[in-house]
Amino acid sequence: MTNHAYIILGPPGSGKGTQAQEISKLLNLSHISTGDIFRSIVGQDSPFGQEVAQILKSGQLVSDDITNQLVANRLAEPDAVNGFVLDGYPRNINQAKYLNTLRPELTAIYFKLSDEAVVQRLSGRRTCPTCNRIYHIKYSPPKVEGVCDDDGSHLIQRTDDTEGIIRTRLQTYHQQTELILEFYQHLGKLIELDGTPPIPEVTAKLRVTLGI
Ligand SMILES: [Zn+2]
C-alpha cells in the first residue's frame with residue numbers, strides 16, 4: 001500500500017480533469033476515469049458489457065452497485081495497485097463509503113470554485129460544430145469573433161453550457177458533493193485548494209501541498 005492514491009473532486013469548470021492529469025504525470029500514476037471504465041466494459045463482448053451498454057444507451061445512470069463493482073475491478077488491476085488518480089468517482093456518499101472499504105489510504109483533493117465562477121467559465125464556452133474545438137469568449141477567444149480558427153465554422157453555445165442548465169447541474173452537484181466532502185473531512189483525508197486562479201498556478205500550489 002502507498003499513500004499515492006487520490007480522488008479528485010470539484011465542480012464542472014474547476015479544472016479538476018487537467019489537475020488529475022498533472023498529478024498522474026508527476027507521480028507516474030494511472031489516471032482512472034469512470035468514463036474510460038464504462039467505455040472499456042461496453043467494448044467487451046460479455047453479458048455484463050452488454051448490460052452496461054443497454055443502461056448507457058437508454059440514458060439512465062449506471063447504478064451504484066454496478067459502478068462500484070467496475071471501479072473495484074479496475075483498481076485491482078496491476079497498474080493501480082500501487083496508486084492511482086481517480087476522476088469522476090465517487091459521485092455520491094454511498095460510493096464514497098464503498099470506496100473507503102476498498103482503499104482506506106486514499107486522499108481526496110477538492111478544487112473549490114464559487115458558483116459564480118463556474119457559471120462565468122462554462123457559459124463563456126463556445127464550441128465548433130465541425131471539429132469540436134472549444135473556445136472561451138474571455139479566456140481563449142477565436143481570432144475572429146464567433147468563427148472557428150481551424151475551419152471557419154460558426155461557433156455555437158451548447159445547451160449544457162447555458163446558464164440555467166449550469167445552475168441546475170450545480171444544485172445536484174452540491175447536494176451530492178457536500179456529503180462526500182464531510183465524509184473525507186471527518187476522516188482527516190481532505191485537501192482543499194482554491195480553483196479560482198489560472199490552472200498552472202493551482203498546479204503549483206498543489207505540488208507544494210503534496211510535496212511533489
Ligand atoms: Zn472548427
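For all residues, glycine too, the Cβ spot is worked out from N, Cα and C.
In TrEMBL, annotation is done automatically, which means it is predicted and not curated.
Here is what TrEMBL records for this protein:
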- Gly13, Ser14, Gly15, Lys16, Gly17, Thr18, Arg125, Ile134, Tyr135, Pro197: ATP binding site (BINDING)
- 33-62: region 'NMP' (REGION)
- Thr34, Arg39, Gln60, Leu61, Val62, Gly88, Tyr89, Pro90, Arg91, Gln95, Arg158, Arg169: AMP binding site (BINDING)
- 124-161: region 'LID' (REGION)
- 125-160: domain 'Adenylate kinase active site lid' (DOMAIN)
- Cys128, Cys131, Cys148, Asp151: Zn(2+) binding site (BINDING)
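For Tyr89 (AMP binding site), the Cβ neighbour count at a 10 Å cut-off comes to 23, with all displayed protein chains included.
In the three-state DSSP reading, Thr34 (AMP binding site) counts as helix. In this structure, the binding-site residues under consideration are Arg125, Arg158, and the one with the smallest number of other Cβ atoms within 10 Å of its Cβ is Arg158. Calculated from their C-alpha atoms, the gap between Cys131 (Zn(2+) binding site) and Arg125 (ATP binding site) amounts to 15 Å. In the three-state DSSP reading, Gln60 (AMP binding site) counts as coil. Put simply, Val62 (AMP binding site) is 21 Å from Gly17 (ATP binding site) when counted between their Cα atoms.
Per DSSP, the secondary structure of the domain 'Adenylate kinase active site lid' (125-160) breaks down as 2 helix, 10 strand, 24 coil. Other residues of the same chain near the Zn(2+) site, with their Cβ within 8 Å of the Cβ centroid of Cys128, Cys131, Cys148, Asp151, are Pro129, Thr130, Asn132, Arg133, Asp149, Asp150, Gly152, Ser153, Leu155.
Closest by Cα distance to Tyr135 (ATP binding site), from the binding-site residues Thr34, Gln60, Tyr89, Cys148, Asp151, is Cys148.
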